[in-house]
Amino acid sequence: MALPPKWYQFLVSVFASLGSVLYGYDLGVIAGAIGSKSFNNEFHPDANETGAVVSVFTGGAFFGAFFAGPCGDRLGRKMTILIGSIVFIVGGALQTAAQNLHYLYAGRAIAGLGVGMLVMIIPLYQAELAHPSIRGRVTSLQQFMLGIGAFVASWAAYGCYTSYGDHDSRQWRIPLGIQMAPALLLGTLILFFPESPRWLMSNGQTEKGLQTLARLHSNGNAQDPWVIAEFESIQDAVTYEKEHEAKSYVELFTNKSSFRRLFIAVALQASVQMTGVSVIQYYSVEIFAQIGISGDDTLKYQAISSLIALLAQFCCLMLIDKFGRRWPLILGNIGNALCFIVATCLLAKFPPDPNNPSNSNKGAGWGFIVVGCWLYNFSFSSTCGPLSWIIPAEIFDTRTRSKGVSIATMVSFAFNTMIGQTTSVAIANIGWRWYIVFIVCNFTNALFFWAILPETAGRPLEEMNYLFTQAPLFVPGTAAGGRKGFATHELERRAEEVERKGSITIHHEETTAEKV
């Protein structure tokens with residue numbers, strides 16, 4: 001018995017999202033690694049070197065996202081995912097075997113290169129496979145699987161921390177080595193996945209594109225009305241895009257509609273990093289230690305935080321296509337800001353004593369953990385985190401999608417690198433005042449996207465051109481703020497026309513048979 005088409009699309013997307021598991025695993029494992037005693041006993045890193053261990057990974061990811069754009073256009077989505085998996089395995093092996101910090105830097109940079117390719121291409125691949133009615137759910141898998149990776153990493157770090165001594169490097173080598181397993185699985189499975197039908201058709205493989213559409217949406221029935229309508233819609237879009245093809249990144253800046261979409265995608269990825277999420281992900285273990293949480297409890301609370309984030313991402317996965325994109329993003333930023341306000345006030349009123357954590361106020365410390373870490377993680381992971389991958393993957397057309405998502409992902413990693421490199425030094429020098437930056441940014445994020453972001457949920461990818469060409473730049477109070485505004489309903493019209501023609505043909509054949 002064949003799987004229902006939407007379930008087939010969903011399951012393919014789940015396994016493709018193993019690339020996001022790698023990114024999430026690194027986010028979770030590095031906090032435990034740099035916080036473990038064996039790591040510090042072996043490498044004795046100062047604040048700048050600790051920041052470099054974190055940020056060199058995202059620096060590599062910046063270049064990986066850049067290479068993934070042209071690679072995805074030239075070689076296809078599947079081959080780009082395979083290359084990213086292989087590169088990540090090489091980097092993971094170097095990290096696991098590291099004998100000094102330079103060795104570790106090299107491994108993390110190479111692994112980052114692989115992750116940059118994967119997190120750029122996978123949401124794009126998912127968006128091009130999915131039916132519009134489940135596209136948000138499918139592309140939000142990026143953040144959900146990232147959460148699974150962080151969850152596994154946190155508990156792996158906690159288990160190794162409690163199982164091995166303070167001078168046993170297995171305390172951090174084993175958690176770093178585990179990350180190669182999902183990369184190997186992804187590299188194997190991608191060989192059996194379908195290629196993007198949009199990429200196939202835009203590269204002259206029209207018949208294979210039709211067969212893939214039928215496999216994805218109608219269990220192989222190429223005569224299905226929706227498949228035919230989607231096929232014709234993509235063909236028309238490909239024909240138009242071939243005539244106006246973006247042959248270089250420069251053209252993303254010269255076309256008004258393309259630049260509008262690029263601006264939104266880039267602003268979104270930058271804004272998400274400025275919510276302060278990287279501070280919580282990378283340095284929570286160190287912060288816990290400063291506020292009086294000692295020993296293996298720091299890693300345990302980090303692991304609990306990853307579980308809360310995972311639950312929040314599951315909520316987003318189930319509800320994002322119901323509530324849309326625009327208002328969850330706005331309200332999520334407001335929620336993040338409120339959490340940071342509480343956390344900052346607690347740190348300012350009851351400052352931790354890094355030299356003697358036992359003197360820190362326990363109640364204030366718990367307040368920071370619950371509100372500044374756990375509640376914040378729920379707010380971010382149910383809204384801003386998933387939407388930072390969903391929106392860029394769906395707003396571009398086929399000719400600009402790979403390049404546009406590539407630039408947006410590069411910006412994400414650039415800001416991530418900046419936050420990762422500066423936070424350790426900033427906390428050491430200005431303490432709680434560093435968090436004021438993120439309070440301000442969360443509020444300005446909410447205001448910014450309230451003003452400029454149209455609702456994109458439920459629209460076929462081929463309709464995004466119309467939306468971003470016709471919708472006003474200032475969205476509030478216009479139809480662009482809702483699902484129904486600035487929609488052509490072209491796909492539904494085509495499907496109805498195919499069904500009507502099919503019924504006429506059947507009726508004609510039946511009439512002819514009766515006469516005979």
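A Cβ is built for glycine as well, from the same backbone N, Cα and C atoms used for every other residue.
Lifted from TrEMBL, the feature list:
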type	residues	note
TRANSMEM	7-31	transmembrane segment
DOMAIN	12-457	domain 'Major facilitator superfamily (MFS) profile'
TRANSMEM	51-69	transmembrane segment
TRANSMEM	81-98	transmembrane segment
TRANSMEM	104-124	transmembrane segment
TRANSMEM	144-164	transmembrane segment
TRANSMEM	176-193	transmembrane segment
TRANSMEM	262-283	transmembrane segment
TRANSMEM	303-320	transmembrane segment
TRANSMEM	327-350	transmembrane segment
TRANSMEM	365-392	transmembrane segment
TRANSMEM	404-428	transmembrane segment
TRANSMEM	434-453	transmembrane segment
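Counting same-chain residues at least six beyond the ends of the transmembrane segment (404-428), those with a Cβ under 8 angstroms from any Cβ of the stretch are 47-48, 50-52, 54-55, 58-59, 61-62, 65-66, 68-70, 72, 112, 116, 119-121, 123-124, 249, 252, 258, 261-262, 265-266, 268-270, 272-274, 278-279, 282-283, 286-287, 388, 392-393, 395-396, 434.
Counting C-beta pairs under 8 angstroms (sequence separation of 6 or more), the transmembrane segment (262-283) reaches the transmembrane segment (434-453) with 3 or more such pairs. In this chain, the transmembrane segment (7-31) lies in contact with the transmembrane segment (81-98); the count of Cβ pairs under 8 Å, excluding pairs fewer than 6 apart in sequence, is at least 3. Residues of the same chain lying 6 or more positions beyond the ends of the transmembrane segment (104-124) and with a Cβ under 8 Å from any Cβ of it are 16-17, 19-20, 22-23, 26, 43, 52-53, 56-69, 71-72, 77, 80-81, 83-98, 139, 142, 179, 183, 186, 389-390, 392-393, 401-402, 405-406, 409-410, 413.
No contact links the transmembrane segment (144-164) to the transmembrane segment (327-350), because fewer than 3 Cβ pairs that are 6 or more residues apart lie under 8 A. Looking only at the domain 'Major facilitator superfamily (MFS) profile' (12-457), the predicted model's pLDDT averages out at 86.
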